[in-house]
Amino acid sequence: MISLANAPLLLHGRDHHLPTKRRTPFTVRSSSSLQEIDKSPTTAEDSKLRSELCALVPFPPIKAAKRVVLVRHGQSTWNEEGRIQGSSNFSVLTKKGEAQAETSRQMLIDDSFDICFSSPLIRSKRTAEIIWGTREDEIITDSDLREIDLYSFQGLLKHEGKAKFGPAFRQWQVDAANFNIDGHYPVRELWGRARNCWTKILAHESKSVLVVAHNAVNQALVATAIGLGTEYFRILLQSNCGVSVLDFIPHPDGGSPLICLNRLNQTPGSPVATGSSAGRRTSRRIILVCQGSTQDSEATVSKLGDQQMNMLGVIQAQKTAELLLDLKVSTIISSPNNACAQTATIISQVQEAADCLGADCVPRYVEMKNIPDLDVAEIFQPSTKDTTDISYLRPGWLNGLDDTVTSALRERSGQAWHSLLTELSDESEEEKIVVAVAHPVAHIALIGHCLNLTEEWLGSFHLDAGSISVVDFPDGPTGRGIIRCINYTAHLGRWSIPITRSTVDDDSF
């Protein structure tokens, strides 16, 4: 295998063209490869500004569109034991981990990657070898892709870490961005390494790149790509063999590329299976379901109005309903437009038939509600022709919208997000699962609210018709939302959206 451990490092990041009125003074600590704010954010405004600082250092320009597929390694022996692995190299894949890697190989078998980068650690390198299969090109190992360095924590069981380090372990759990051990700030160091990785990945002359690494470093790669700071550690989940996809699009002016998170954490298993989020159990969850495909074959912004689903859309809605059958949905909240209402009705009918479908012993009753604020079509109607001809199937298409449109979209979706959180706070049920059905553009805006981002970030996310995104609230609806997945489509089977093939060709960018 080829090593890039000694490759030159360049300064880079993401240029979001942020408004000057928000760039208020901050005390910035500087290191060899990282800019960081000395204090942790205490308000929502601080959090936004902190991420803006991380976005100010641009990535190098690229000549052609590039898609990067990130995969976390399969389950390891230390994952299974509950040990803190960090960048140690003593664990190997379990049989389950090997099977997860094989599932990922099958999922990506028809895709023609130009190159594969891998962490040099055994568990990741073995996962890369399984997924890469019989492809002839060598796998490039890069030490910057190793897992987060956790120094004295490494090798300890979690209860041992708590007993031995006390307050430091507590800070690692609740304030990882400012966690210090052995004179190091591991998460800050990790963010710096992730930026270094992007320089090397983007400098490689390839259009389709596979990267196989680890939980924390993949989180950092996603966050630094779209310009989010260290306070987003543990907010963007990466499950064993979970796949995330980033599109890098050449900037029209030749500057830092436009970057879009096309998919987050598409896992070999069910994205809605019961489990923990960032190591914590949750009883509150919002599932964002994108309406099924409609009769608008052109998929342009000008045709975001009230349309019926086509046959593919009906199939997508049925597949989603089948996926959600394993959950007891409390409430389905829908945009009033036809395609959303149809999708919501199909999900409701399957939920209420759970007993005869063998998923439950008693019939379920699901409350159905319409929220006009989830219907955002009217925001786009007064737009200019240049805007309305944009295809919403294109990654990063929201970057082309007028500021007045994105501001109106964020304001309207903010009211919808508040309604969803209010619904989630109903304490009459021990567990509360709320399904929200809307057009992909509405859900992109809701994800922005969940992550506390301004409208400048809307173009950083992409959703497809029929996809689902899952947000968990381990601290309840007043706490931070943990993104379990974004734009998950594997449940659609043969109708799913391919992971690595772009929905448009390079010239269209």
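Using N, Cα and C of the backbone, Cβ positions are placed for all residues, glycine too.
Annotated in TrEMBL:
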type: REGION; residues: 15-45; note: region 'Disordered'
type: COMPBIAS; residues: 27-44; note: compositional bias 'Polar residues'
type: BINDING; residues: Arg72, His73, Gly74, Gln75, Ser76, Thr77, Trp78, Asn79, Arg123, Lys158; note: substrate binding site
type: ACT_SITE; residues: His73; note: active site, tele-phosphohistidine intermediate
type: ACT_SITE; residues: Glu147; note: active site, proton donor/acceptor
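Across the structure, His73 (active site, tele-phosphohistidine intermediate) and Glu147 (active site, proton donor/acceptor) are spaced 11 Å apart at their Cα atoms. Of the recorded residues, Gly74 (substrate binding site) and the residue listed as 'active site, proton donor/acceptor' place their C-alpha atoms 14 Å from one another. Largest Cα-to-Cα span within the substrate-binding set Arg72, His73, Gly74, Gln75, Ser76, Thr77, Trp78, Asn79, Arg123, Lys158: 21 Å. In this structure, the CA atom of Arg72 (substrate binding site) is 10 Å away from the CA atom of Glu147 (active site, proton donor/acceptor).
Fewest other C-beta atoms within 10 Å: among the recorded positions His73, Arg123, that description fits Arg123. Cα of Arg123 (substrate binding site) to Cα of Glu147 (active site, proton donor/acceptor): a distance of 11 Å.
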